[in-house]
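All remarks here apply to the structure that follows.
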Amino acid sequence: MADLDKLNIDSIIQRLLEVRGSKPGKNVQLQENEIRGLCLKSREIFLSQPILLELEAPLKICGDIHGQYYDLLRLFEYGGFPPESNYLFLGDYVDRGKQSLETICLLLAYKIKYPENFFLLRGNHECASINRIYGFYDECKRRYNIKLWKTFTDCFNCLPIAAIVDEKIFCCHGGLSPDLQSMEQIRRIMRPTDVPDQGLLCDLLWSDPDKDVLGWGENDRGVSFTFGAEVVAKFLHKHDLDLICRAHQVVEDGYEFFAKRQLVTLFSAPNYCGEFDNAGAMMSVDETLMCSFQILKPAEKKKPNATRPVTPPRGMITKQAKK
């Protein structure tokens, strides 16, 4: 592991941030051995910390990024680049967007630089069978090689699965599981692990809330379940929690409440895949556990030769929401 001692994190972060202000899409080509070092060192840190993180406010929580690197940089511009703010990301760093490598490398670099202030959970796309298909494998193969993709897989298999903020906000990528009776069950999951096709770990990364379901329902994804508002209320009451914070679904405003504000979905990739007009959002949790939302507005759609009124530059809108 002598190579890890030579890992120059500051230089890696500096190069990844140099493209700020460049035209979106400009790549940062790190050396292969640097990326390998990021995977190995962050993996070590993930395994040294709990699989169920216990975090303290204040912090900022972000949903799916999906390789939209320049939008990730915008999130940090609005929220403050680490270590100015503490962060928790809810997974789905790779696939679908054009710059999964820059995205995951910056996040892993910040994890290594600020291990007690910067946290990354596992999403359903941090799984070999998924990111083999939806873009990350192809990006690794095109820009580096398949061996590097396998190194990322070894790292992803060690990511934490859930977090609880100040004993009151339960955070995971997907949602609840009919198998989840005690937090101890999450703590007992051994890493490294792949994501199974069913069961607790699968559900935490794959399930979805559904306002039309009573109890548990079938999931259109063909994986895991959907769950209704009553499931949320019972879970919160049983574990003395106030809120579930999850990602995993595109929502128009970047955030969306469910079950009388007992659950919030966060999605942080605006104009997702270039196909949606959604905003992206980040949730700020202050010391009193008041939650507010910072919104990344979607880019204006350019209409050829159409005259349109001048609009102020797109930017941040903060909405207060009492929890």
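Placed from the backbone N, Cα and C atoms, the Cβ positions cover glycine too.
Annotated Mn(2+) 2 binding in Swiss-Prot involves Asp64, Asn124, His173, His248 plus, out of the candidates Asp92, Asp194, Asp197, Asp220, the residue Asp92.
Under DSSP, Asp64 (Mn(2+) 2 binding site) is assigned to a strand (E or B) in the three-state scheme. Every protein chain considered, the tally of other Cβ atoms within 10 Å of the Cβ of His173 (Mn(2+) 2 binding site) stands at 26.
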